[in-house]
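Below are the features listed in TrEMBL for this protein:
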- Cys82, Cys87, His164, His169: Zn(2+) binding site (BINDING)
Amino acid sequence: MALCLGQVFSKDKTFRPKKRFEPGTQRFELYKKAQASLKSGLDLRKVVQLPEGENLHDWIAVHVVDFFNRINLIYGTVSEYCSERTCPIMSGGLRYEYRWQDGKDYKRPTKLPALKYMNLLMDWIESLINNEEIFPTRVGIPFPKNFQQVCKKILSRLFRVFVHVYIHHFDSICSMGAEAHINTCYKHYYYFISEFNL
């Protein structure tokens, strides 16, 4: 069953339009550099390395936002197959169950259906990357001291999306012919988190 655009972009769905960088900003230039490297067929291990003269936090911020956009899109492609009936628990197979905790509405780790978990996760990440105190976009505004820890938490939770999609929805991904894209995205993600110990 195909989704219409109204369903895909609904605020109640996990998939959201991409967060964009303002043209003319340093982050926009870093984003273009990262995208050009990915499209050039270069070794992904080298592509993730911090370019000479660039700020580490800016480089991490650009990648975290990019991974959020890409992984959100990946989950959006299988979201019609991921329901409370098909995925009553957010898990990565039989051995791993992921529980949601955000410190506000969910103060204790809470078992949730995958779809609900994904919606909460994407809302949580979106609120962080849109928070100027955590992901400043203006030149001269410093990143917070805990910036890398926040990014590490975001990336570890995004990893759960990969695990869930690979284990529970890979047949759907293959039937769409999207497995090469997802494998490349995961490889890029893996090399990046390994390079910066995130």
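Including glycine, each Cβ sits where the backbone N, Cα and C put it.
Caution: TrEMBL annotation is automatic and unverified by curators.
Owing to the predicted nature of the structure, the values given are computational and were not obtained by experimental measurement.
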Long-range same-chain neighbours of His169 (Zn(2+) binding site), Cβ under 8 Å, sequence gap at least 6?
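Listed in sequence order: Val78, Tyr81, Cys82.
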Among all the protein chains here, how many other CB atoms are within 10 A of the CB of Cys87 (Zn(2+) binding site)?
20
Within 8 Å of the Cβ centre of Cys82, Cys87, His164, His169, which other residues of the chain have their Cβ, at the recorded Zn(2+) site?
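After dropping the recorded site residues, what remains is Tyr75, Val78, Tyr81, Thr86, Ala114, Leu115, Val165, His168.
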Specify the count of other C-beta atoms within 10 Å of the C-beta of His164 (Zn(2+) binding site).
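The Cβ of His164 (Zn(2+) binding site) has 23 Cβ neighbours within 10 Å.
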Counting across all protein chains present, how many other Cβ atoms fall within 10 Å of the Cβ of Cys82 (Zn(2+) binding site)?
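Summing over all protein chains shown, Cys82 (Zn(2+) binding site) has 22 other Cβ atoms within 10 Å.
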